[in-house]
Amino acid sequence: MAGNEESHTDGFDMTMANDTTTVTADEKQEGSEPDMRPTWGNKVDFILSCIGLAVGFGNVWRFPYLCYRNGGGAFLIPYFICLVAGGVPVFFLEIFLGQFMSQGGIGCWKICPILQGIGFATTVICFLGNIYYIIILNWAAYFFGRSFTSLLPWSHCENPWNTEYCTTNFTKPDAGAGNMTNATMDGNMTAFNTTNTTLQISPVVEFWENKVLNMSEGVGELGEVQWDLAVCLLCVWIVVYFCVFKGVKSTGKVVYFTATFPYVMLTVLLIRGVTLEGAADGLFFYLNPDWERLKDHKVWIDAGTQIFYSFAIGWGCMPALGSYNKFHNDSYKQCFLIAAVNCFTSLYSGLVVFSVLGFMAREQGLDIKDVAASGPGLVFIAYPRALSLMPLAPLWSCLFFFMIILVGLDSQFVGVEGVVTAVVDMIPYLRRGYNRELFIAGMCVFNFLLGLTMVTNGGIYVFKLFEYYSASGISLLFMAFSECVAIAWIFGANRFYDSIELMIGYRPLVWFKICWTVLTPLITVGIVLFMCVTWSPMEFQHFTGTYYFPSWAEGIGWVMMAMAIICVPVTAVVKMWQAKGTLQERWREVTTPQLQYHQLRDKDRLARGLRFDSEPSTPPPPYSSLQQNDTEL
């Protein structure tokens with residue numbers, strides 16, 4: 001078969017490597033496309049890339065906060081239930097799927113053409129996520145650069161951006177005092193106003209809001225681009241480009257540093273943290289179980305969404321990483337290691353964070369709950385304040401923000417690789433010559449220009465919109481549900497197990513089949529229903545109060561969410577419309593997997609009258625059993 005033409009006869013994609021190359025039977029048996037699709041240099045490259053993607057800001061700033069807010073050690077119960085019955089099974093599914101199909105986030109869903117919209121949806125999610133995720137890296141890079149000084153600029157009130165209300169000497173207000181008119185203590189954004197005292201603001205809050213963000217009044221007032229942040233953003237995008245422009249050849253090597261060094265930094269910070277006064281109070285607050293919290297449905301929602309965030313499920317990146325494995329790579333055992341490291345990192349990060357927050361609470365005379373925060377409030381307000389109270393503060397600040405940069409960097413460039421892989425697999429022309437490098441450069445420039453909206457005076461509001469809606473819990477859970485339906489109920493759970501056995505030589509635990517078929521769909525649907533019932537308008541809490549987004553901004557957020565979700569039903573309708581014949585024949589056509597010869601099971605080849613060790617010289621005869629959906633357990 002010539003060129004890049006595809007034959008979908010009887011549900012098979014017999015695509016050849018290129019117009020002039022003959023693909024041998026051995027090469028097809030390995031599932032490779034010589035001179036076109038690269039593979040990982042070794043197994044360690046793949047493992048570290050997956051760890052780098054899965055281990056990100058969610059492990060460092062989201063998990064510890066959710067753990068303490070939802071019952072401390074008791075939160076681990078719903079967390080591990082959702083982990084075992086939801087997160088890990090879908091994580092395995094995405095890796096196996098990418099490896100089996102040797103395609104990225106879009107092409108891998110040729111295994112179930114009617115739901116190939118899943119691939120388009122996850123690519124949209126990943127693309128939007130790349131735009132806002134790098135802004136966090138940008139802030140970290142800015143803090144890192146400002147840490148190279150003898151006196152941290154957020155440790156005192158003698159800066160041009162400080163106001164008359166700035167102070168470093170806080171006295172906790174008496175909650176029972178009758179002269180209390182306002183008190184806000186959230187994530188160390190500490191301010192109070194009484195009839196006898198004036199407004200008091202921490203210098204780290206003023207540095208964050210007046211200098212770094214230079215916030216406007218709302219999302220409708222973007223204001224001017226802050227060029228110091230814009231330069232940082234450009235530098236970060238340049239670093240990301242050079243991490244991915246050569247594909248897995250460069251990505252697989254960069255992760256040796258970016259995925260491992262943060263653990264060195266976490267360990268150094270933990271050793272320092274546990275030696276600080278008050279560290280034991282912080283660790284007790286972090287892990288002390290509150291069993292009553294398990295009765296609250298919000299705890300289970302937080303556990304479920306955290307799992308899917310943590311494993312980057314629904315972003316289309318894991319299939320992309322799996323697609324660079326050799327066809328017979330034993331990714332089953334490797335996935336167990338990756339999942340274990342991801343969970344360990346979340347727990348380990350919590351120890352580091354709360355040992356320091358315990359010290360911070362002791363220093364300021366506050367309750368730990370008043371200094372614990374999630375997201376930017378932890379990394380860019382609470383933690384810098386704690387670092388400023390330590391001896392050799394600039395040194396510890398440099399180390400901390402360098403760790404934050406590395407934690408986010410590998411997640412960012414693997415996210416970019418996920419989008420690139422999906423597009424390049426759909427347009428093989430981009431693999432030739434320098435086309436891939438030019439395409440990546442163009443995409444990075446485009447994302448950089450879009451990201452400039454988030455380094456304006458109103459940029460924080462744009463960032464919050466993207467963060468809240470573009471990769472929302474609802475969209476990620478919907479993707480996980482759709483993936484389980486596609487594999488377990490259309491392609492067939494038993495057939496997928498056969499395909500895995502064809503790759504790695506043995507069958508996985510039956511537990512995964514049960515999860516894909518029943519448990520994970522039930523969990524995802526249940527969490528989505530709870531989220532819809534308890535849904536509330538988006539708000540942004542900061543020092544000056546709570547900002548409620550206008551309805552038009554909420555509408556833009558819903559459009560971003562819908563851009564991904566709607567890809568699934570629209571693609572299904574288009575596939576059915578384009579199919580020929582009766583309704584039954586159309587369904588038969590759009591549910592037929594488009595496989596290559598090396599992806600056929602032995603019994604499939606027998607039914608087609610083929611020898612196991614031979615490559616057919618002509619298109620094989622129809623094999624009707626490919627239409628069956630064998631989902632029995």
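Residue positions begin at 1 at the first shown residue.
The backbone N, Cα and C atoms fix where each Cβ goes, glycine too.
TrEMBL does not curate its annotations; it predicts them automatically.
Partner cysteine of C157, as given in TrEMBL, is C166 (from among C126, C166, disulfide bond).
Cβ-based neighbour count (10 Å, all protein chains) for S310 (Na(+) binding site) stands at 24. Two recorded stretches are said to be in contact when at least 3 C-beta pairs lie under 8 angstroms, sequence spacing 6 or more; the transmembrane segment (438-463) and the transmembrane segment (76-97) fall short of this definition. Long-range Cβ contacts of N342 (Na(+) binding site) within its own chain (separation 6+, distance under 8 Å): I51, A54, V55, N59, S310, F311.
Proximity of the transmembrane segment (76-97) to the transmembrane segment (336-361) is established through 3 or more Cβ-Cβ distances under 8 Å for residue pairs spaced 6 or more apart. For the recorded Na(+) site, residues G52, A54, V55, N59, S310, N342, D410, S411 set the reference point as the centre of their Cβ atoms, and the other residues of that chain within 8 Å of it by Cβ are I51, L53, G56, G58, A312, T345, V407. Long-range contacts of the transmembrane segment (386-409) within its own chain (CB-CB distance under 8 A, at least 6 residues past either end) are made by residues 55-57, 59-60, 133-134, 136-137, 140-141, 143-144, 147-152, 154-155, 204, 239-240, 243, 257-258, 261-262, 265-266, 268-269, 272, 276, 356-357, 359-360, 363, 371, 379.
In sequence order, C157, I201, S202, P203, E206 constitute the residues six or more apart from C166 (disulfide bond) in its chain with CB-CB distances below 8 Å.
Only residues 6 or more beyond the boundaries of the transmembrane segment (469-493), in the same chain, are considered here, and those with a CB under 8 A from a CB of the stretch are 86, 90, 93-94, 97, 109, 111-112, 114-115, 118, 121-122, 125, 128-129, 131-132, 301, 304-305, 308-309, 313-315, 513, 515-517, 520-521, 524-525, 527-528, 531-532, 538, 557-558, 560-561, 564-565, 568, 591, 593, 628-633.
The Cβ of C157 (disulfide bond) has 18 neighbouring Cβ atoms from other residues within 10 Å, across all protein chains displayed.
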